[in-house]
Structure formats: C-alpha cells, structure tokens
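Written below as structure tokens is the structure these notes are about.
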Amino acid sequence: MRHLLDTESLSRDNAIQILDTAQEMSAVGEREVKKLPALRGRTVVNLFFEDSTRTRISFEAAAKRLSADVINFSAKGSSVSKGESLKDTAQTLEAMSADAVVIRHWASGAPARLATSGWIDAAVINAGDGTHAHPTQALLDAFTMRAHWSQLAGTPSVGGDLAGMRVVIAGDVLHSRVARSNVWLLRTLGAHVTLVAPPTLLPVGVGHWPCEVSYDLDATLDAGVDAIMMLRVQAERMDASFFPSTREYARRWGFDDARLARLDELKLKDTIIMHPGPMNRGLEISSSAADSARSTVLPQVRNGVSVRMAALYLLLSGEMREQATPAPSNAKDNS
Amino acid sequence: MTAASYLIRGASLLGTAAGDLLVRGGIIAAAGENLGPDVVGDATVIDAAGLVALPGLVDLHTHLREPGREDSETVETGTRAAALGGFTAVHAMANSSPVADTAGVVEQVYTLGRESGWVDVRPVGAVTVGLAGKQLAELGAMADSRARVRVFSDDGICVSDPVMMRRALEYVKAFDGVIAQHAQEPRLTEGAQMNEGKVSAVLGLAGWPAVAEESIIARDVLLAQHVGSRLHVCHVSTAGSVEIIRWAKERGINVTAEVTPHHLLLTEELVRSWNPVYKVNPPLRADADVHALRAALADGTIDIVGTDHAPHPSEAKECEWAAAAMGMTGLETALSVVQETMVETGLMSWADVARVTSTAPAAIGQLADQGRPLEVGEPANLVLVDPAARWNVDPAAMATKGRNSPFAGMELPGRVVATFFHGHPTVLDGKLNTPFIHGGN
Ligand SMILES: [Zn+2]
C-alpha cells in the first residue's frame, strides 16, 4: 500500500496496523524529547489547496516528530480562479524530490488523481478532499474510540478493534468527508454505525452504505449508544433550504443539554461525545456537552498527531503491509 | 477530368443479400448481382466481400468547436474524424464562440464545411441569443440563410424557461424547424458532477439527478403537444426519460429522441477511477439505465444515435474531476459502439442500424440527399464496414484533435473500410483518402 486515500479501500489489517503504530507513537508524545529519527532526510510536503490550519499543524507536528523535513505549500485558488493547476504543482513537488505529499483539496478525488496520474512518485496522504474522504480523521476517531472501548472491556487496545460498539454519527452527512470516512472504517473495525440527520442532509444512495440511517436522534439515543459523533453544520446551509432555521436544527438534531441529561437517565454512563472540530457551539452541540467529562474533543486532537505519525511512518518506511486493493472497477458492461 | 467511378463488389446491403453497387457521377448508377463489364466499364473495383454497406451516417449532434475553440477542434479536423467514422453528414452544434445565433455565423460554418469536403456540415442554430435563454435568436434568418438551418438548439444549456421554450417551439413551425432540447433543469443540477445515486453518495460528488432530465422532457412533450410543434430530445440518458417519451409517442406527440454511444455502453461505475475522461453531460448513468436505453433504441422509442462528439484539449481533462470539462469524443467510435451494444447483443439488425444512424437523423435534420436507400438513382452517400474486424481504441491515432475518448484501451468490433460522400471516396482501406470538391472532383 503506497498511499492513504480513503477508508473504503483500507483493509482491517492495515487499519489495525496504523492504530497500533499510532499507539507506539503516542508514547513518544509523552516523552520529554518528543522526537524519533525515523524519517530523517525525508521530505514531507503539506500541499493545501484549502485552508485548514488545524489539520496542517497536526501533520506538521507529526512529520517533525519523525525528524522529516517539512515544506508547507499553500496552493490557493481553484481552476475557476485560474490558480496553479494540480498537475503543475505536482510536477514542481516531484522536482523537489518530495517523499510524501499530504494533500488537502476542495475537490473530491484530487488526492486519488494525484496518486494515480503519474505526475508524481511520492506517497500521497489525503488530508481531506471535498466532500469525499478524510481518512486520518476517521483513523484518529477510531483510535480514540478503541482506547475507550478496550478500557471498558479491560483488554489491551493494541491489536483490538471496535466489535460491538454502537456509534451514532449525527449532522450534515451529505457534505461531510468525515462521515464518509468514518462509516467505512468503523464498519471494517466491527462497529455498528447509525447516521442521524435531516433527510435533506443525507445523500441519495445512502441506503447502500453499511450502516443504519435514522431521522430521529432521540429514538436513536434511547436505543443505546456507546459513542456519539456530532458533525459540523454550516449555518449557511439554511440559505439553501437544507433546514428551515438554526433553531429548528439545534432542537431536532443538535446534541443539546436535554440530550446530555438523557444519557444519564438512560444510565449510559460510559457513552462518549465526539466532534471533529471546529465546533459550532449552540448549533450541533451545546457547550455543556462539548465540555462535559464525556467529551473526547481534546484527546481527538492529541490522537490526531499520533495517527498521522503512524501513517507517515508506515507509508514512507515501506512497512505498511500490502493489501489487495480493489482495482478501480471497469464498468464496461456488455451483458 | 471525368468523375471516377467505383464498383463495390459483393457487399452485404444493409447486412442482408450480397450485391454490387456501381458508384458514378455522385449517385448509385447501377445495382445488382455480378454487374457485367458492359455496365461496370472502367470503374475501380472495391472487393467488398464480407463488408456491410450502409447509407452514410448522419450525426445530429456534433461539436466542431469552430469558430472560437480551434484548440479543441476545427471543421477540418472534426469532419475528417467524421468521415473516418463512416459519416457523410454532421450537424454542428451552436455553442461555438461566437455562438451560431445569426445567419452570418451559420453561413460561416456551412462554408467551412463545404470547403473541407469530408462530409456535409449542417449548422445547428442557437435557440436564444448567446445561448443565454433571454431572447429568441433570429431563427428565421438562419432558416433562410445559405445554411438552410432546420435544427435549433442551445445544446450545452437547457432552454429552461418554459415560456421561451414554448415560443421557440411555436415559432419554428413557420419553416418546419425542430427544437433540439438539452434537457437539464438548471436549479436541480447546480454544480452537478455525476449521476446522483449510489456512486455519487460514496464519492462525495454533487449529484445530477435523473429527475432533472425527466422533468424537462415531460414539460417539453406537453408543450410540443399544446402548440402542435416538433421536439427533439438530445442525449436521453435515463430509464425514466424513456418512459416519458414512450408515453408521449403513444399519445401522438411529435417528439423524436436521441441516445449517445457512450450512454449505450458505459456506466457511472467508471467515475470511481476519478478519471475526468468519464465526465460528460448528461452524466454516465446506472446499469439499469443503459439497458433501458438499448431497449428503447431497439423498439423505436429512441429514434437515433447522436454522438455528442465533444473534443477538449488535454488540459481540460488533466485536472481534478470537479475542474474538468464535460464531454467525450465519439465520431470515430460511434459505429463500433453501436455494433457492440446493439448488433452483437442481437437487439438490432444492420438495417435497424441504418435507420438509427442515418435514415432517421437525416429525416429529423431534413437532409434530402442523406439517409437514402441503397438503390439505383440515389445519391452515393454510403459506408462500407467490416463487422468481423476488431480494433483497440487509441485516441492518439484519431483524426479528431480531442484525445478524450472514454473508450481508450477498449477493444471494439467493426471497422469503417470506406466512406463515399457524393460518390467520392473520402475514406478508402480504412484511411482518409481525399475530400470531395463541390463542383469538382
Ligand atoms: Zn447537450
């Protein structure tokens, strides 16, 4: 496996290998000298076609802790605004002998395009593309869930998965690369996923996904849940009539104080509340929920660095196990 | 210089009985079995044993890009590609730059076609000025021009305003024109990147729902019925559209419909490759749609195959999916794809192929000397195809400037061996020969 592009094609073996390696990496973060010489002399380029200081800093910290040289390349502008083309940028990076390209892009599929175009030889890590995928976010979420799940079970997390864990992902699924990556990865790791959203914010075709779908957050919570992940909802979606008002959204689909209290009533004392950030407090999540003891928002950020260290290390060291990647289906159909 | 004559010896006429055709003076001068030397004279003999003779193909939907986008295609390169594909006439869509919305522009395109001499080039006139959907273009002036435009379309853009569409349908009755609609409800397809469904859900690409096509077709057939006019639906791509058109035809509404070769063969699954060569408008659909389109073409619900040949420079496809241009080349692969999807599957005979690729499109475009029977006295616009040949599609070897063939790397059946245009071989031995010179040769 040379690239990390999505989670749909990520095997269980590879996913667990990344999580286990991340576990080792997290120990580095707790040392006084937070640095390993593993990638000394290697060059990692953070290629960002879309602003995301949080993700860029996380990848930068990960690469630096592995002693890699880091180049931040901000290629703003779309084809519409006649920015630099992906191809030209890729060839520039190739000329700079980049070993890995961490790419964030506004267009779904741009990292896959970069990886398969022949424009560049580097390993490609998808740091979020359009509304398609955000695999390291899903891996850090899974890492966070696995730590919690194994602790509850009293088993070591290394080598473990999420078998039997009930995960609810609520919010703007339609526009969420986080949801798309989590659904596939969590399924691969054995969790049971339920998506909760207004019908307008679920993609047509979601019925084919390996998860349940509900429009009713309360009924879903009442059925029992071990982790709740709230997705960011942009208030501007209201202008395109995805929902009538932010008030109505928060009432029906937000994780508010009443729902936080409901978890206690349901005796769900170990249920965690997750959010990929940045949060819209008062919209998809209330402040008291975000700041409660159940919240894993800050551990998620911390784990992000470990997971990204693991991904960089495994891809660049060649220690990522080969997996049978499903070939892009050639749909020529003669039947 | 006396016009050369050709004896096509032993071709299977429309895929049935073998016979000879003598091409002389621009027409089929004689036909029959084993024509004798008294009839044949000094004609050049073409051994056509095993070849199928069809009337020259007529494309109702070609983007020749000239004027304005000569980096994508010119009338010269596009019509060379057409001749190689077995065509003897193409309709040049109006979305050039400037738009073909005046008599001046359509006459320019018409003249370029005459000068090139590879096929008849029949300009399509824009329905609205600048394809902007705001003001009716001078349809009558284009109809009366030397280009004698009869097909009008804002293709690339839908005439979405129902009043504008109604007026256009009504107005062209004055000169027996037809409005060819690119059926795409614009609000339902803002930012659309691919078919909306199972695959778009996974890929996170904005969806182009089938209903955006079907709702416009439903509206337009009712408008055509209401004003008693003629509607042509471009590139039908969904099973639902087929049902609506079938319903309209049963009610006697004057509607014709077109399907592209790529919608007969390819599905949205290809988008998973993220290769923008598969990006097209309307988008590749699901397997069930492909099968519904084939069935509709076979049963006559869909009347014709139109290529929607849409060449683009390579930079328009060497980029992110969302930034890529929509469109595929198709002139040089159309007949092979029709053979693959309709003949090899047993859905159609070669006579049916002649109907959907030549006779019917010529009738819609009102081209009197195209799409004619292979009979004595008829204009010698015809193509010889070797149905037993198989070939690998290599876009770099094509005559079109566009390298954006979605069939690249596929093996397809059927090879165009010769194309006769006004009795002159524009293609011989599968290679370009020389163009027809109007008033010359
Ligand atoms: Zn069109």
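A Cβ is built for glycine as well, from the same backbone N, Cα and C atoms used for every other residue.
Cβ environment of B:Asp308 (active site): B:His61, B:Thr62, B:His63, B:Cys234, B:His235, B:Thr260, B:His262, B:Val280, B:Gly327, B:Met328, B:Gly330 lie under 8 Å away, each six or more residues apart in the same chain. For the recorded site, B:Asp308 (active site), the DSSP three-state label reads coil. The active site annotation in TrEMBL covers B:Asp308.
Annotation comment: TrEMBL describes B:His61, B:His63, B:Asp155, B:Asp308 as Zn(2+) 1 binding site.
Per TrEMBL, the feature substrate binding site maps to B:His63, B:Leu64, B:Arg65, B:Asn95, B:Asn281, B:His312. Residue environment of B:Leu64 (substrate binding site) contains 32 other Cβ atoms, counted within 10 Å of its Cβ in all protein chains.
TrEMBL lists B:Asp155, B:His182, B:His235 with the feature Zn(2+) 2 binding site. DSSP classifies B:His182 (Zn(2+) 2 binding site) as coil under the three-state reduction.
For the domain 'Dihydroorotase catalytic' (B:52-239), the model gives a mean pLDDT of 98. Feature annotation from TrEMBL assigns domain 'Dihydroorotase catalytic' to B:52-239.
Calculated from their C-alpha atoms, the gap between B:Arg65 (substrate binding site) and B:Asp155 (Zn(2+) 1 binding site) amounts to 13 Å.
Cβ neighbours within 10 Å of B:Asp155 (Zn(2+) 1 binding site), excluding its own Cβ and spanning all shown chains: 27. B:Asp155 (Zn(2+) 1 binding site) is 5 Å away from B:His182 (Zn(2+) 2 binding site) when you measure Cα to Cα. DSSP assigns B:Arg65 (substrate binding site) to coil in the three-state reduction, placing it in neither a helix nor a strand. Across the structure, B:Leu64 (substrate binding site) and B:Asp155 (Zn(2+) 1 binding site) are spaced 13 Å apart at their Cα atoms. Listed in sequence order, the binding-site residues among B:His61, B:His63, B:Asn95, B:Asp155, B:His182 whose CB lies under 6 angstroms from an atom of ligand 1 come out as B:Asp155, B:His182. The distance from the Cα of B:Asp155 (Zn(2+) 1 binding site) to the Cα of B:His312 (substrate binding site) comes to 16 Å. In the three-state DSSP scheme, B:Asp155 (Zn(2+) 1 binding site) is classed as coil. Just so you know, the Cβ of B:His312 (substrate binding site) picks up 26 other Cβ atoms within 10 Å once every protein chain is counted.
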